[in-house]
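Undergrad: This structure is in structure tokens; I'll ask about it shortly.
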Amino acid sequence: MVGLSLVFAIGFAVIHYSAKYMSFLSRGPRSRFLSFAGGIAVSYVFVHLLPDLNAHQDVLEKAENGVLRFVENHAYLMALFGLAFFYGLESRVTNRTKKVQSHAGSGIFWIHIGTFFFYNMLIGYLLIQEEFEHVKEMVFYFLALSVHFITVDQSMRETHQRVYDQYGRWLLTFAVLLGWLIGAFSQLEEAVISTMFAFLSGALILNVLKEELPEESDSSFTAFATGLTVYSILLLVA
């Protein structure tokens with residue numbers, strides 16, 4: 001499935017690159033597509049991601065590496081750390097944005113984009129290193145994260161405005177491809193990959209809930225519920 005993972009990595013990159021041209025998805029008022037995408041992402045987290053996290057916990061319990069024994073029973077703690085880390089980052093960005101009353105300053109932009117650069121690298125790396133049992137699992141991974149990336153891009157554009165179009169989208173485009181390349185030419189221990197997956201899971205849960213569950217007045221519950229229901233059915237019956 002290496003070839004398919006490359007196609008999907010390029011697909012992720014195209015989504016980030018195209019963020020500048022998706023102004024029709026303006027978040028104010030929030031488009032029905034973004035609410036539909038939110039339902040898909042939330043469905044993926046609860047129906048697929050959390051069961052996968054349990055499987056990676058089993059991997060860590062069997063780890064024999066002495067260094068990794070520190071986390072052998074703590075996949076969920078790593079997920080919690082990922083969630084808390086990204087929550088702290090988003091809180092700082094939000095507070096800074098309120099102070100300047102328009103968009104986050106350049107300093108916080110580079111911190112924000114640097115963190116999401118790492119986030120995207122992990123997603124690209126796990127695209128090729130995660131042991132998907134079937135092609136359909138990789139397809140679901142790609143579809144759910146694609147709509148999530150679209151939502152993240154619009155949020156970043158709203159927060160950082162022109163600077164995101166000039167630099168941010170290019171960096172995130174490169175990050176996911178770099179992560180895939182690292183995964184294609186290197187092989188980490190299974191326990192390390194499970195630890196990375198756990199951290200990413202926590203970060204993804206926070207980002208999904210933050211981006212996909214906006215203020216009620218800013219969203220379409222019907223579109224959200226439709227996306228959630230349709231994708232949950234696909235995950236359960238496929």
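Cβ atoms here come from the backbone N, Cα and C positions, even for glycine.
In TrEMBL, annotation is done automatically, which means it is predicted and not curated.
These came from TrEMBL, pasted as-is:
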TRANSMEM  6-26  transmembrane segment
TRANSMEM  33-50  transmembrane segment
TRANSMEM  70-89  transmembrane segment
TRANSMEM  109-127  transmembrane segment
TRANSMEM  167-185  transmembrane segment
TRANSMEM  191-209  transmembrane segment
TRANSMEM  221-237  transmembrane segment
Undergrad: State the residues, same chain only, that lie 6 or more residues beyond the ends of the transmembrane segment (191-209) and have a CB under 8 A from a CB inside it; answer 'none' if no residue qualifies.
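TA: Distant contacts of the transmembrane segment (191-209): 38, 41-42, 44-45, 49-50, 52-53, 56-57, 59-60, 62-63, 65, 68, 71-72, 75-76, 78-87, 90, 119, 122-123, 125-126, 129-130, 148, 152.
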Undergrad: Look over the recorded stretches 33-50, 70-89, 167-185, 221-237 and say which has the most C-beta pairs under 8 A to the transmembrane segment (109-127).
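TA: Per the Cβ count, the answer is 167-185.
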Undergrad: Residues of the same chain, at least six outside the transmembrane segment (33-50), with any C-beta under 8 angstroms of its C-beta?
TA: 25, 27, 140, 143-145, 147-148, 150-151, 154, 201, 204-205, 208-209, 211-214, 219-232, 235-236
Undergrad: Could you pull out which residues elsewhere in the chain have a CB under 8 Å from any CB of the transmembrane segment (6-26), counting only those six or more residues past its ends?
TA: 33-34, 120, 123-124, 127-128, 138, 141-142, 145-146, 149-150, 153-154, 156-157, 164-165, 169-170, 172-174, 176-177, 179-180, 184
